[in-house]
Structure formats: C-alpha cells, structure tokens
Amino acid sequence: MILAIDVGNTNTVMGIYKKDKLIQHWRISTDKNKTPDEYGILFLNLFNSANVNYKRIDGIILSSVVPPLVRILKKMTTRYFNLEPLVVGPGIRTGINLKMDNPREVGADQVVNAVAAYHKYGGPLIIVDFGTATTFCAVSERGEYLGGAIAPGIGISAEALYSYAAKLPRVEFKTPGQAIGKNTVAGMQSGIIYGFVGLVEALVKRFKDELKETPEVIATGGLVSLIASETDEIDKVDPFLTLDGLYYIAKINGIVE
C-alpha cells in the first residue's frame with residue numbers, strides 16, 4: 001500500500017492506495033507546531049480507527065506547501081513507518097514539462113494537480129483548486145504546464161471581512177439563493193459565494209481566450225462543490241485530484257506496492 005500525504009496551508013489530506021485504488025482518506029488541520037511524535041501518534045490512531053495495518057505501507061509520498069513540515073513529517077515517517085518519504089520537488093520525475101520562467105517557483109500542489117488531471121483527462125486543461133489560495137493552472141494538449149493564476153481563497157477572503165469590518169459577523173459558507181441579500185448575512189454570503197463564482201468564470205474565460213483551444217475545466221479543493229454548483233464553467237469536480245496525482249508520481253518514481 002502507498003500512503004500519500006498532501007500538506008496544505010490550512011488542511012493536510014492523507015490517502016492510502018492499494019492496487020491503484022484509494023481505499024481510505026483523512027483530512028486534518030495543518031499544524032507546523034506539532035512534533036514528529038505527535039504526528040506519528042495521530043497517524044497511527046487514524047490507521048487503527050480505520051482498521052488499516054500501518055506495517056503494510058510499502059511507500060510514502062509527500063507534497064507540502066509548508067516547508068517546516070517537510071522535515072517534521074520526514075522524521076515521523078522514518079520513526080513510525082521505517083520509510084523515507086519521496087518528497088515532491090525539484091528533481092522528482094512528474095511527466096509534466098513546466099513551461100515557466102522559474103519552474104522551481106511552481107507550488108508542489110499545482111504540479112501534482114496537473115499530473116493527475118492530465119493523466120486522468122488528457123489535455124488541454126484548466127485546473128481550479130479551491131484551497132487556502134484559489135489557484136488556476138493551464139495544461140496543454142501535450143501535457144505542458146503553461147502557467148496559471150493565484151487568487152485569495154474563499155476562507156481568507158471571508159476572514160478579511162470579519163477582521164477589518166467590525167460590524168460584520170462570521171457567516172456560514174452557503175449559497176444564499178439570490179444575489180440581492182435582504183440582510184447582512186445574506187449579503188455577505190452573496191458577496192463571498194457569487195463573488196467567487198464571478199472570479200472563476202472571468203478567469204476561466206480569459207484562460208480560454210489565451211489558450212485558443214477548448215480546454216476541459218477540472219475543479220478540486222475543500223469548497224469546490226459550493227462553487228461548482230453555481231457555474232457552468234466547471235466541467236468536472238474531482239475531490240481527490242491531488243491525492244491521485246501523488247500516487248501517479250509515486251509510481252513514476254518507482255514506488256510500487
């Protein structure tokens with residue numbers, strides 16, 4: 001079995017693959033202050049709760065946009081699983097050609113998403129990831145990573161409202177049903193949800209105009225279903241795109257079950 005670990009700024013997602021199939025997955029809060037032992041105990045408890053034998057893990061792959069956690073999780077996997085993880089970064093084979101001014105600047109999560117989406121759907125593609133940041137990337141018909149856009153995520157945009165506007169309350173992330181809100185909460189929900197729908201539609205249109213092709217639009221991330229249900233610009237929702245990409249990269253680099 002292969003353990004894939006995707007460390008984001010807000011959440012860390014783990015998945016176990018067996019014979020090309022995702023058989024178990026978890027989402028926890030990312031905490032760079034946890035020690036290797038704390039993460040180790042947490043992982044083992046999750047495995048035990050799902051009746052998964054951690055001793056049957058044959059390989060581990062790790063992607064992180066939080067640099068301090070790479071060292072912590074490497075210590076954890078070495079100590080508790082007796083395995084050195086493959087860390088996604090420069091020098092790792094991905095099968096994707098990064099057509100960027102500085103390929104080293106591309107986030108590991110974006111590379112992993114591009115690998116998964118191209119492997120599963122072919123190209124050309126636009127990939128939208130609703131995470132701490134909302135990221136867009138374009139992949140050519142030949143599997144080249146062409147570049148992208150980075151916008152604030154839904155969560156941090158809403159947090160800015162709460163933090164800088166004293167009278168605005170925290171609101172539940174849900175579709176208000178109409179754009180013209182009849183109260184403060186509905187107005188905020190409209191601005192947050194429909195505002196992000198507009199962001200997605202505008203950037204996807206600009207990407208399509210610049211690509212001069214008809215790409216398929218794939219969306220992933222924690223709040224993807226909320227936005228995808230309000231627009232026709234998203235063709236497919238793939239909640240496990242990043243984990244799948246990690247698994248494909250593990251196989252490309254010789255980590256097999």
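Using N, Cα and C of the backbone, Cβ positions are placed for all residues, glycine too.
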Matching residue for the ATP site, where Swiss-Prot names ASP6, VAL7, GLY8, ASN9, THR10, ASN11, THR12, VAL13 - out of THR132, THR134, THR135: THR132
Shell of the ATP site beyond ASP6, VAL7, GLY8, ASN9, THR10, ASN11, THR12, VAL13, THR132, same chain only (C-beta within 8 angstroms of their C-beta centre): THR30, VAL65, VAL66, GLY131
Neighbouring C-beta atoms (10 Å sphere around the C-beta of THR132 (ATP binding site)): 20
Densest Cβ neighbourhood among THR10, THR12, GLN110, THR184 (binding-site residues), 10 Å radius: GLN110
Between GLY8 (ATP binding site) and ASP109 (active site, proton acceptor), the C-alpha gap once rounded to whole angstrom: 8
Pairwise Cα distance for THR132 (ATP binding site)/ASP109 (active site, proton acceptor) [Å, integer]: 12
